[in-house]
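Engineer: First the structure, then my questions, so here it is.
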Amino acid sequence: MGKKRVYEFAKEMHVDNKDVIDIAKNLGIEVKNHMSSIDQDQEAKIKGMLSKQSAGKAPSSQAAKTPAKAAKTSSAAHKEAAKKPVAASAKSNDHADAAEHSQKNAKPAAKQENKPARSNKTSDGKIILSKSTILRPRSTQTAHTNTNHNRGGNTASANNTANGRNSNRSNNNNNNRSANNANRSGNNNRSNERNRNDRNRRFDNQRVTGPMPRAGRPTAANGNPRPVAGNGGKFVKPASERQQPKRQEAVKPANAASKRSEQPRTERPRTEQPAATTNQRFTKPAPVPAAAAPKPASAGSQDNRNSRRGGGNSNFGRSNSYGNRNGFNRNNRRNKKNKRRQQSAPKKEMPQRKERPLPETLIYEVGMNAQDLGKILHREPAELIKKLFMLGVMVNQNQSLDKDTIELLATDYGIDAQEKVHEDISDLDKVFEEENKNQDNLQPRPPVVTIMGHVDHGKTTLLDKLRHTHVTEGEAGGITQHIGAYQVKLRDRLITFLDTPGHAAFTNMRARGADITDIVVLVVAADDGVMPQTIEAIHHAQAAKAPIIVAVNKIDKPGANPDHVMEQLTEYGLIPEDWGGDTIFVKISAKFGKNIDELLEMILLEADVLELKANPDQKAVGTVIEARLDKGKGPVATVLVQQGTLHTGDPIVVGNTFGRVRAMTNDHGRRVKDALPSMPVEITGINDVPQSADKFVVFADERTARAAGEERAKRAQEEERKNTNHVTLDNLFETMKEGQLKEVDVIIKADVQGSVEALAGSLEKIEVKGVRVNIIHQAVGAINESDVTLAAASNAIIIGFNVRPTALAKAQAEQDDVDIRLHSVIYKAIEEVEAAMKGMLEPTYEEKVIGTVTVRETIPVSKVGTVVGGYVDSGYITRDAGVRLVRDGIVKYEGKLGSLRRFKDDVKEVRQGFELGLTIENYNDIKVDDQIEAFTMEQVPVK
């Protein structure tokens, strides 16, 4: 025959698959699981081993003769077990130890189902159980097989005694006692059910335990007599209670179960020892004393029947339901108690939302929705939507409402509706005019004086003299910072002076100074007289309607003629008081300080006549005199306060920028917290460099200032985009002409904003035919890397005025071949750019005849062409000159020389009166007496 599976062989032999696998492994047969195959020889070996083990573990057939005999045997076994204690088995069959095997009990024995474990008892008679034996599953099929074998060879009573099948009755008794007895102290299964429902469900039909008998209880819970110990320490049932042995039910000792009811589910009995390492399934059971004999457990089939009837130890049994029901009832009682307590407790009243009164007037904006109106009216949006629905208007809470709908809703509520008027906070000019016209709480203020005049007429010298005479007296450190504006004190009265440059490029700065000034001091040199910038300053002052005080300077110089200056100024409407006019003339010498105090007195006199006043209690407004980008402070602006008082921390909008005044510095370089009217200060804290002559206004809060500044910046950007020239049919021809023009791209960086504007204006006025200046970027501050990058991308020239490039910018410029020109004098910057513009024009060339040659002889040469021999009649002829062949006054050919020789040598030049030989490149039709003109193209300089 062929091979057979392990599970087929186990089925034939009525044994467990695991028993067959264990025997096969002991015999050295390779099997892995119940699906492994064995041949006939291996099958015979396993059969023989099964027969030997069945015969070896069967107890004597006379083991159950008398109870007294069993008691003696049990006593002997107790003595023997005390000498060699080992872990006791938790299964229904208590296995014998090594001492019992040594006695070689030869009595007939029935086949036993389980592998016996070694049993130990302590000195007080308690049995020590092993964890591994308590939880070891048991096969029902094996139990049936063993029982059938025992019936074949022995009586039913001996068979039950040998295999320990009395546990069925014991288990039933325990189950009955669990269901009927309210005292749980001795009820092992009931405690076990309450604490380990899940584990009982898994191991109901697989575990067999040996509970400890309780003293003084000779009968079971149902009144039946307890089984007595037979021969070999085994229990024997009465004949009437013998049943077919089934798979045994797991029963715990009573005392262990009572402890387990108070422990977590995962705990094990603490009095445990490891099970024996030897294979104990087929060893002989050890005798147990009668006092410590375990209660017999019921078979698995009986337990299954009990489970179906609702009894037994199953999770679906009666006792388990009873235990769970008690817990459920306890929870029910607790829940009902809590519910009654909650009902009897006083209920807290829910806070009611207070109805806020309606406003007297609804200030609305067109486009508001129901949510926005609900916040103003203190009503829910749903209420407003319902009202509008009743009024015939269908809207939702996010829909914008028009003016009529909002007024209709206000009328329904019985309140007035008023549309909110928006003010353009970004219109600084309007705010500036309103603040300047404020006539409340006016107080006298210092006059603002602007000094104007031509270059080198002594304006700066006069200011320096005023500062050193009236400012630095009593100042320890002197002037620490130059901000272009100063205050001079005379007789406890202050005068504010503004300096303006005299060069023609600074027209805007002069006009700006005239706009913000109260009095103009016109400085005219007595030796030079009236100059172009003097006339321009007069026009600016007259346009601003500012009174003019003429200071005739340099009267100490030889050749000075103040009267001639006065005569010249009368042509422009400046008539001296001595001549019947109203213009004040003061003859001074700024270098020596002559008549300086007289000039100051005249200024104060004119200020008294003007009655200059301002309100220091309102929000400050003023004008930017100068602005720059400081390396450490950031954007810095020099401003002149014209109305109100400027405080540190005020939210401010300056031109198209905004910020908060972080710090203020006066003309002495000292920090101040307040700036009164007519006081020049330098402020920091703005986010960008403003333009000169920009207005500044202080706002109530920073949020409004930010909104106004951002709006102004946005409008300025849009305006700049609008200024871009778009091509139309009207300007198409002009655009095409401009496209033919060459451009010089320039980037301007200067120290102050006024210099930037002056230099840009001067460069744009340079007139070179065919070339124009294109300023692609202008800013305040040092030349940085971004400027160099922009110049490299646009092929532009960087012009720095009183600034220097950073180290990184300089290195990058050298790497990118960017031209950086640094200047401190505006004349030189303008001249250099003008020269560059002229150099960008395409050069103009004109022809110049340098010599003539008369052909005397022609010699045709193969592979060379016609060789000409002749004399230089006039001038000279060079190798790289152009030639023109003229025959009878008609130009036959114009080209280049192919070669030029004198005798056999190649030469570069042949002068007049010398013979030569030459060839004309790519031309051979040359005849005797032809004239050859040599000429060159020379570049004509740009005028």
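Backbone N, Cα and C define each Cβ position, glycine as well.
From Swiss-Prot, for reference:
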| type | residues | note |
| --- | --- | --- |
| REGION | 35-359 | region 'Disordered' |
| COMPBIAS | 57-76 | compositional bias 'Low complexity' |
| COMPBIAS | 92-103 | compositional bias 'Basic and acidic residues' |
| COMPBIAS | 110-124 | compositional bias 'Basic and acidic residues' |
| COMPBIAS | 130-141 | compositional bias 'Polar residues' |
| COMPBIAS | 142-190 | compositional bias 'Low complexity' |
| COMPBIAS | 191-205 | compositional bias 'Basic and acidic residues' |
| COMPBIAS | 239-250 | compositional bias 'Basic and acidic residues' |
| COMPBIAS | 259-271 | compositional bias 'Basic and acidic residues' |
| COMPBIAS | 289-299 | compositional bias 'Low complexity' |
| COMPBIAS | 315-330 | compositional bias 'Low complexity' |
| COMPBIAS | 331-342 | compositional bias 'Basic residues' |
| COMPBIAS | 346-358 | compositional bias 'Basic and acidic residues' |
| DOMAIN | 444-613 | domain 'tr-type G' |
| REGION | 453-460 | region 'G1' |
| BINDING | 453-460, 499-503, 553-556 | GTP binding site |
| REGION | 478-482 | region 'G2' |
| REGION | 499-502 | region 'G3' |
| REGION | 553-556 | region 'G4' |
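Give me the lay of the land around each of these features.
Structural biologist: When Cβ-Cβ distances below 8 Å are used as the criterion, the region 'G1' (453-460) is approached by residues 499-500, 502-503, 522-525, 528, 531-534, 537, 553-554, 590-591 of the same chain, each at least six residues removed from its ends.
For the recorded site, Ile555 (GTP binding site), the DSSP three-state label reads coil.
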Engineer: Checking distant contacts: for the region 'G4' (553-556), what same-chain residues at least six beyond its ends satisfy Cβ-Cβ under 8 A?
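Structural biologist: For the region 'G4' (553-556), the nonlocal Cβ contacts are 457-458, 461-462, 523-527, 562, 587-592, 594.
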Engineer: Among the binding-site residues Gly453, Asp456, point out the residue whose Cβ has the most other Cβ atoms within 10 Å, with all shown protein chains included in the count.
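Structural biologist: Its Cβ has the most other Cβ atoms within 10 Å: Gly453.
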Engineer: Across the region 'G4' (553-556), what does the mean pLDDT come to, as a whole number?
Structural biologist: 86
Engineer: So among the binding-site residues Lys459, Ile555, who's got the most Cβ atoms within 10 Å?
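Structural biologist: Per the Cβ count within 10 Å, the most buried is Lys459.
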